[in-house]
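The compositional bias 'Basic and acidic residues' annotation in TrEMBL covers 155-165. According to TrEMBL, the domain 'Response regulatory' annotation covers 16-152. Annotated 4-aspartylphosphate per TrEMBL: 85, in sequence order. The region 'Disordered' annotation in TrEMBL covers 151-176.
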């Protein structure tokens with residue numbers, strides 16, 4: 001096979017990722033990370049846009065009415081997976097996820113959502129809406145393999161979802177229930193400290209009252225004279 005044939009085969013084998021992020025710095029970081037990744041069996045072909053609206057224009061041209069893993073733009077670029085930021089103006093990553101899933105065929109484009117905020121409700125919301133994965137920023141080399149796994153349609157979705165939830169759960173620092181329990185423990189500790197100080201103060205007042213009573217009655221002086 002000649003050099004041209006090898007190049008064409010490599011291009012066809014590449015995982016074609018559409019990166020959606022309103023931050024030019026974040027787009028460049030993700031693009032460089034994917035392009036320079038050497039651990040996977042297939043390279044990445046990256047297309048980056050700065051909004052969900054542009055992503056929809058690329059994925060679903062007017063009149064197409066459906067999105068699937070063979071969706072192509074005007075240049076014939078197919079998309080294997082969409083990697084979108086969650087927080088974006090006008091159209092959030094969650095909105096883009098719902099739009100893609102709403103127009104998708106039985107063979108939908110996998111969507112992975114990324115965010116710098118580790119919020120359990122946000123993560124659960126996206127996974128429930130059909131996201132293949134939820135990755136916390138900044139992206140790392142090990143996250144690239146997760147993208148490869150998500151772009152593989154042969155993997156069972158239920159097993160993936162279970163693994164994703166376990167992985168994300170282990171990365172969470174605290175859950176709302178943990179925070180409530182911690183707050184309750186702190187408040188209880190403060191309560192007992194206050195109660196202990198109050199008891200000591202009450203005991204001191206009683207002792208002082210007894211001394212004053214004995215002083216006024218003369219019994220205090222009789223103790224010394226005896």
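Glycine too: its Cβ is placed from the backbone N, Cα and C atoms.
Predicted, not measured: the structure shown is a model, and the values here were computed from it.
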Discussion item. Please report the three-state DSSP label of the residue listed as '4-aspartylphosphate'.
Written reply: strand
Item to complete: Over the domain 'Response regulatory' (16-152), work out the mean pLDDT and round it to an integer.
Response: 84
Worksheet item: Does residue 85 (4-aspartylphosphate) have same-chain partners at least 6 apart in sequence with Cβ under 8 Å from its own Cβ, and which are they?
Response: 20, 21, 22, 23, 26, 93, 113, 114, 115
